[in-house]
Structure formats: C-alpha cells, structure tokens
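> Reproduced below are the annotations present in TrEMBL:
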- 43-294: domain 'G-protein coupled receptors family 1 profile' (DOMAIN)
- 28-51: transmembrane segment (TRANSMEM)
- 63-84: transmembrane segment (TRANSMEM)
- 104-122: transmembrane segment (TRANSMEM)
- 143-165: transmembrane segment (TRANSMEM)
- 202-228: transmembrane segment (TRANSMEM)
- 240-257: transmembrane segment (TRANSMEM)
- 277-296: transmembrane segment (TRANSMEM)
Amino acid sequence: MTSFGTNISSAASITLKGFPELESLEHWLAALLLLLYAFSILGNTLILVIIKEEQSLHQPMYYFLSLLSINDLGVSFSTLPTVLASMCFHAPETALDACLAQMFFIHCSSWTESGILLAMSFDRYVAICNPLRYSSVLTNARVAHMGVSIIIRSFCMVFPLPLLLKRLSFCKANVLTHSYCLHPDLIRLPCGDTTINSMYGLFIVIATFGVDSVLIFLSYVLILRSVLAIASQEERLKTLNTCVSHICAVLIFYVPLVSGSVVHRFGKHASEYVHKFISLVYLFVPPVLNPIIYSIKTKEIRRRLQKIIVGPKF
C-alpha cells in the first residue's frame, strides 16, 4: 500500500500546459491576459473605493456589490501567479501543494460568487416585492451574516477537494491543460480510483450552483409577477431597470459555467481549444465586466468615476 508521503512525492511538480499550439502568438496572448488582469484589478478596486467614499451607496445592494468586487479580485489574484509564470516567464512547472492551493482558492471564489449573486437577487426581490419592509429585512447585521454564511458555505464545500486528491497516487504524466489548476483538470492525473472525487465534485456543483441558479430564477419569476402588477408602463420599465446590472452579472457568470460543465461532461471529443476558451471566459470575463456593468448602470458610481477621471471642477 502506497504511503501518504509517497503519493505526494510521486507528483512533486505539475506542468501547466497553457497554449503551446499558439507559440507564435504567445506574446500577444500574454499581453491580452495582462490587460484583462489590469482592467479587473483597477475596475474592482475603484468600485470598492467609490462605495466606501459615497455615502449614498451605503446600502445592502452595494454592500453585496463590494463583496462581489472583493471576490473578483480574489479570482484574479488566484490565477495571476501561474499565468504570469507560464505565459510570461516560461516557467510552467508548479509544486503539487501550490497547485492544490490555487485550485482551492479558484473554486472557493466561484462558489462564493454564486452565493453573492443569490444574495443580490434576494435584495432585488425584497426591494421590489416588499419595498416597505426593505430596511427592516436587510439590516446591516443581516447583510453581514449573509456575507459570512456565503464564505463559510464556500469554504466547507471546497475544502474536501484537495484532501480527496492528496490521498491518491499521481503516476501519470502530470501535465494540465490550462495555465492554472482546476479540479476537472487535476482529477485526470491520479492513476487510482477517482469515483469519490467525481461524485463529490458533482454533488457540490448541484448543491451550490444548481440550487443557487434555481433560487435566482424563482426570485425573478416573483419579481416579474410583481412588476406586471404595476399599472404604469413607465414605472414597470423603471423598476425592471434596477435589475439589469444584476441580470447581466448572473448571465456572464452562469453561461460560461454551464457551457464549461456541458463540454466537460458530454464534449469528450471537443477540441482542446474549446475547453481552454470556455475556461478563460469563465475566469477572466466576469471580473472584468462586473465593474463596467455596474459603473454604466449606477448613476452614483458613474458620477464618481467621472470626477476621478476628469478631476474636480474649479
């Protein structure tokens, strides 16, 4: 029987493949990814600073937006080290423990984002369907409890993943498809039985993403029913307009997620480029687009951004 220490030492390093087929375009691809990182980090940092400084934004919806921005920064910083190493410095190898740690933070951030989007949908439901009770239902203490609960849920769900992988022997070629470590990619490397890993991975996807997406959908069914009861068409459009930013954030998160899951489960013969492209969209697009969407659709954030860019008027 292989010892725990032997299991780990047999996979002392993991090679992150990246895009060797696009070697001639590698510099352009690296520049594009660095640009996306810059937009993500700058955009989400600005959102946090504006919400902190703008008193009118000190309300539940924007507290959840702050959590979303912090989480998006976490996604960017989780993938940044290995992407820089493999794409810019041609150092694709990483230690197994570092790879498992990165996998944990990437997936934990994904589960957290799903929970935050669910909390934001609840905020929209209360604001539209029960506006008179909004301030009593979504108190600062309750918002804080919801935020902590989301983080604890994500941690508890994802924490077993690296432990389940570390118990296995890695005796195959330790080469991953992407420039970062993801569970569906890592689970292909062990030569032992990965049934438990696969079943647990499927369970937490259904228990979190599945349940969250259904609850978000139901909240919007109730919101739509409430909006259709408003007599004035102008008021209906005005009310729905308050949900546009959140709907866009949900779509840019869940569409790549569902697409990636479908391709992984049923597209075994799909080109490797398809898997890599969907993964890039899933990890890079939401952190870049979320600040842009909320900056465009939120008057206070847009006005504050204009002051930062243009400068104070004398």
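Counting starts with 1 at the first residue shown.
Here the Cβ of each residue, glycine as well, is placed from N, Cα and C on the backbone.
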> Can the transmembrane segment (63-84) be said to touch the transmembrane segment (277-296) if we require at least 3 CB pairs below 8 Å and skip pairs under 6 apart in sequence?
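With 3 or more qualifying Cβ pairs, these stretches touch.
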> So which of 28-51, 202-228, 277-296 is most in touch with the transmembrane segment (240-257), counting Cβ pairs under 8 Å?
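Most Cβ pairs under 8 Å with the transmembrane segment (240-257) come from 277-296.
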> I need to check the long-range neighbours of the transmembrane segment (277-296): which residues 6 or more away from its ends have a CB within less than 8 Å of a CB in the stretch?
33, 36, 39-40, 43-44, 46-47, 65, 68-69, 72-73, 75-76, 79, 106, 113, 178, 180, 182, 245, 248-249, 252-253, 256-257, 259-260, 263, 302, 305
> So which of 28-51, 104-122, 202-228 has the most C-beta pairs under 8 Å when paired with the transmembrane segment (143-165)?
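The stretch with the most contacts is 104-122.
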> Calculate the per-residue pLDDT averaged over the domain 'G-protein coupled receptors family 1 profile' (43-294) and state the result as an integer.
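Value for the domain 'G-protein coupled receptors family 1 profile' (43-294), mean pLDDT as a whole number: 90.
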> Same chain only, please: residues at least 6 beyond the ends of the transmembrane segment (202-228) with a C-beta under 8 Å from a C-beta of the stretch. Say none if there are none.
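Distant contacts of the transmembrane segment (202-228): 111, 114-115, 117-118, 121-122, 124-125, 128-129, 153-154, 157-158, 236, 239-240, 243, 247, 250, 254, 257, 261.
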> Could you pull out which residues elsewhere in the chain have a CB under 8 Å from any CB of the transmembrane segment (28-51), counting only those six or more residues past its ends?
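Sequence-remote neighbours of the transmembrane segment (28-51) are 19, 22, 57-58, 62-63, 65-66, 69-70, 72-73, 75-76, 80, 83, 87-88, 284, 287-288, 290-292, 294-295, 300-301, 304-305, 308.
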